[in-house]
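Read the structure below first, then the notes.
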Amino acid sequence: MNNNAIVNGTDSPGSVSGDKRDLLALLKLIKKYNLKQTEELLCQEANIRSEELEDLDDKEISSLLTSALGDSQENNAPGSTTHTGTDNDPELYDTAYGELRNFVDESLDIYKHELFMVLYPILVQIYFKLVSNGYAKQARDFVEKYGPDLDYYYREDLQNLLLITKRSDLENNDFVTAMETDKFIIRMSRDAHSLFKRHIQDRKQELIADIVAKYLHFDTYEGTARSKAQCDATAGSLIGEARRQDNKIRVYYGLLKEVDFQSLTTPAPTAVEEEDDNDPDAPDKPKKKKPKKDPLFSKKSKSDPNAPAMDRIPLPELKDADKLEKLKALREASKRVSLNKDSLPCVCLYTILNSHHSVTCAEISEDSYMMAVGFTDSSIKVWSLTPAKLREMKTAEHLKDIDKDAEDVLVRMMDDRTGEAARTFYGHSGPVYRCAFAPEKNMLLSCSEDTTIRLWSLHTWTCIVVFKGHLFPIWDVRFSPHGYYFASCSYDKTARLWATDSNQPLRIFTGHLSDVDCVQFHPNSNYIASGSSDRTIRLWDVLNGQLVRLMTGHKGSIYALAFSICGRYLASGSSDHTVLIYDLSHGQLVTSLVRHTGSIHTMCFSRDGTILAIGGLDCYLTLWDFSKLVEDYIAQNSNASHNPEINEGDTYLLRAFPTKSTPFLTLHFTRRNLLLAVGTFKS
């Protein structure tokens, strides 16, 4: 009798029992994957005819399967209540988010600002879920309804969010990957976090609770909740904020001990002289005078307790020519002009005409003798900034006749007849995005859209090596202050460490969630800083490739980085028109310098570390009193753990220089503290 009821019930899908409809859905799925033996066995055992499968359409099957899977998962969870496929209803998400929004608005002012930070990541995850379930229109309406309530620095992200309209758009999307791979980090006081958890439990907001458990991480702390300004200071990146645990590792930010140049300048006494001085048979013989010590080198450099060991990473040994160059640099430094608020540097601006859309980068050598400019046509042009010409090395036949032991052997190797005011390199097959001179002044690095890095000789004026490894355009390349090593960064979301004698990278630094736009070596060569379009700055240890600092606060892509002369502070410039100063000792934000109205693409510290020069695309050059900034920062008693008071940066602005119509490409302080700038004239 029961069998007849089942058979008769197949005349209309609505009269089929729930269990049998589940079996029909399962059979249809088995048939889809052509599992014939399994299908026959199941039909026999369940007494189902093949004609009955035609009564169910694909939509009904998918909804039945979703419901079945949802029921099984919910029932397996401890303490869970039964749910159906209606969890994907857009109205449920709208109601849940609306209740959360009202809860934040009605919270006490002391907690409101921290609680407000949970809204953005939850809104984004709800949008992803609605699009994934096929509710593109409802997802758009949801963002347009609640998006305007969020902070201004999320507007660009929300515009990019609305471009995702299909489930296929969610695949291989950087923004989606960033939001779903790594949990969004929110730093919150324990009291505010308790309020948030209590609200979710009391209202039984299981949809919100599920999103919070999967995609949010709360870095809680004991103490008073942060103010709106303190929350905004470190917010804005794709990952939220940095966890305190990310900045616990010790960083050796001190400078390496310099070579004892006194031994280089004073010749060692000969054996004959030593014997004469100690001759007992000639006591009345006048003693020879010892050569006077050069006062420039008589001061011994003190060892910095925060400096890394000299042998922490292998550094190249100084050649005789390098030692002579360092002596020359020290002598020039003795004539350096001391800068302060009453004695600002003179500025010399090199303007490149008729090339606004063709020049991509510019760089000046450490000794200020040469300037290299990269172009969109893949060429690189090197100019001499002094009356001295750019000469080429003599041929092999002529080099045989040179005395190798001569003090001026390097000068003799160059052919005076080949001297030119400028020289051009050809070799790249795409726009050149960055050039970098070697500290020894004998080589030049360049990186390009063609995914390669080229090393050029400034003696033979030819390409020596082509470094391949990046898979996409390379945005930046920088030499180590000690030479030999160099760093690069690319659209492929990685930064890499190389050596000039190896065609493979020594380290690959991964972790950024978007392309890495800029890199910079620390003055002691033990660390590399990288800035990314994911709006974070990361500090990497060259020794082991470990991430030792993660710093947030920018609201746009980061295009410029500069370490202070002492090595403790890092300045970063961004497309959000601001420059942020960080203390590397614990990764803390010191202050924000706001004056420019365009992206910041270049920064430079004076040689004595007292002035910070910033050049923007707004055609303005600004000078800031960095020594006063550091003095105030050290003097203030701030809590570095979770809610430091951020200094107002406007008080440190010393001078702003406008140009007529020339955005800045690069800034460079000479050894005597003259500020050189390079820009292109916008006609």
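Just so you know, glycine gets a Cβ as well, placed from its N, Cα and C.
Nobody curates TrEMBL annotations by hand; they come from automatic prediction.
Quick caveat, the model's predicted, so the values are computed rather than measured.
The region 'Disordered' annotation in TrEMBL covers 67-91 (among others).
What TrEMBL lists as compositional bias 'Polar residues' is 67-87.
If you look up TrEMBL, you'll see 88-216 marked as domain 'TFIID subunit TAF5 NTD2'.
Residues annotated as region 'Disordered' in TrEMBL: 266-317 (among others).
Residues or ranges marked as compositional bias 'Acidic residues' by TrEMBL: 272-281.
Feature annotation from TrEMBL assigns compositional bias 'Basic and acidic residues' to 293-303.
Proximity of distant same-chain residues to the repeat 'WD' (352-393), defined by a Cβ-Cβ separation under 8 Å and at least 6 residues beyond the stretch ends, is recorded for 325, 329, 399, 413-416, 418-437, 439, 441, 444, 446, 448, 450, 456, 458-461, 665-666, 668, 670-671, 674, 676, 678-683. Look at TrEMBL and you will find 352-393 (among others) tagged as repeat 'WD'.
The repeat 'WD' annotation in TrEMBL covers 425-466 (among others). Below 8 angstroms of C-beta separation, residues 321-322, 325, 360-367, 369-370, 372-382, 390, 392-393, 413-414, 472-483, 486, 488, 490, 498, 500, 503 of the same chain, each at least six residues beyond the ends of the repeat 'WD' (425-466), sit close to that stretch.
Residues or ranges marked as repeat 'WD' in TrEMBL: 467-508 (among others). Across the repeat 'WD' (467-508), DSSP helix (H, G, I), strand (E, B) and coil residues number 0 helix, 22 strand, 20 coil.
Through the fold, the repeat 'WD' (509-550) approaches residues 174, 177-178, 181-182, 236-239, 242-243, 246-247, 249, 251-256, 307-308, 312-313, 315, 472, 475-482, 485, 487-497, 556-563, 565, 567, 570, 572, 574, 582, 584, 587 of its own chain, all at least 6 residues removed from its boundaries and within a Cβ separation under 8 Å. The annotation repeat 'WD' is assigned in TrEMBL to 509-550 (among others).
Within the chain carrying the repeat 'WD' (551-592), a Cβ under 8 angstroms from the stretch's Cβ atoms is held by residues 153, 233-237, 239-242, 246-247, 251, 253-255, 306, 517-524, 529-533, 535-539, 598-609, 612, 614, 616, 618, 626, 629-630, 633, 638, 640, 644, 646-649, 652, all 6 or more beyond its ends. According to TrEMBL, the repeat 'WD' annotation covers 551-592 (among others).
For the repeat 'WD' (593-627), the residues of the chain that approach it from at least six positions outside its boundaries are 333, 336, 338-341, 344-345, 347, 556, 559-566, 571, 573-575, 577-581, 649-650, 652-673, 675, 677, 679, 682, judged by C-beta separation under 8 angstroms. For 593-627 (among others), the entry in TrEMBL reads repeat 'WD'.
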Report the DSSP secondary-structure composition of the repeat 'WD' (352-393) as helix, strand and coil residue counts.
0 helix, 22 strand, 20 coil
